[in-house]
Amino acid sequence: MAADGERSPLLSEPIDGGAGGNGLVGPGGSGAGPGGGLTPSAPPYGAGKHAPPQAFPPFPEGHPAVLPGEDPPPYSPLTSPDSGSAPMITCRVCQSLINVEGKMHQHVVKCGVCNEATPIKNAPPGKKYVRCPCNCLLICKVTSQRIACPRPYCKRIINLGPVHPGPLSPEPQPMGVRVICGHCKNTFLWTEFTDRTLARCPHCRKVSSIGRRYPRKRCICCFLLGLLLAVTATGLAFGTWKHARRYGGIYAAWAFVILLAVLCLGRALYWACMKVSHPVQNFS
């Protein structure tokens, strides 16, 4: 009995007081009940805890996702939930990207970085956008000449200059043919649609012909005229040989006809040696 008393705890566990027990724990770890019997004072160790589920086997020990000393996988913006095929525009002030998803019905959007407005649509009819040097986006009438910035720390007056009301006629597009210069091989625009197909290159300042038809025709005409004048000068010389000794003016007539023949033949040679520029494509 002494040995049993030494193994009992020093402090007894309380039991239900409604049963009339003395609240002491006897040997064996039990308390006396109303009938003199012994009742357990406390549940055994671990009885109040839930048993772990037995349906799931323990996880096998494998290699970790990231080994020690190894860098984690790089972040990809395509896997971010915020990224995707959302429409984006560039801020006109800080060049940051602005998501305009769900805002396409608006005319301007606000940048989340610099808090400035950026237009995503054209201004309403009769209006135009003007950006103040303080980066404030203003909208005013097309005919406005002076506007004031509404920001209290700016209040700047912006002069837009004289504006002539009325629809602006678009500038006519140049019509012509792009050709490759026969001298410097550079491309330039030829806009003179006439029978005289001579063009001066703006790069080398030399004259060439657009196509071979015009210089060939001029060469043939000058050659035939020069040949006719040469025959005329020869016949005139043989026919007036005797009279030339008496009248000195006949020599002047010979010289004039021969000079015309030489000029025509020289001009024919000029047209025959002229460089030709070839057209590339229609500009219009």
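Cβ atoms here come from the backbone N, Cα and C positions, even for glycine.
A quick note: this is a predicted structure, and the numbers were derived from the prediction, not measured.
Listed in Swiss-Prot:
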REGION    1-81  region 'Disordered'
COMPBIAS  17-38  compositional bias 'Gly residues'
ACT_SITE  CYS140  active site
MOTIF     140-146  motif 'CX5R motif'
MOD_RES   SER169  phosphoserine
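Using a 10 Å radius centred on the Cβ of CYS140 (active site) and all shown protein chains, the other Cβ atoms total 18. In the motif 'CX5R motif' (140-146), the DSSP tally of helix, strand and coil residues is 0 helix, 3 strand, 4 coil.
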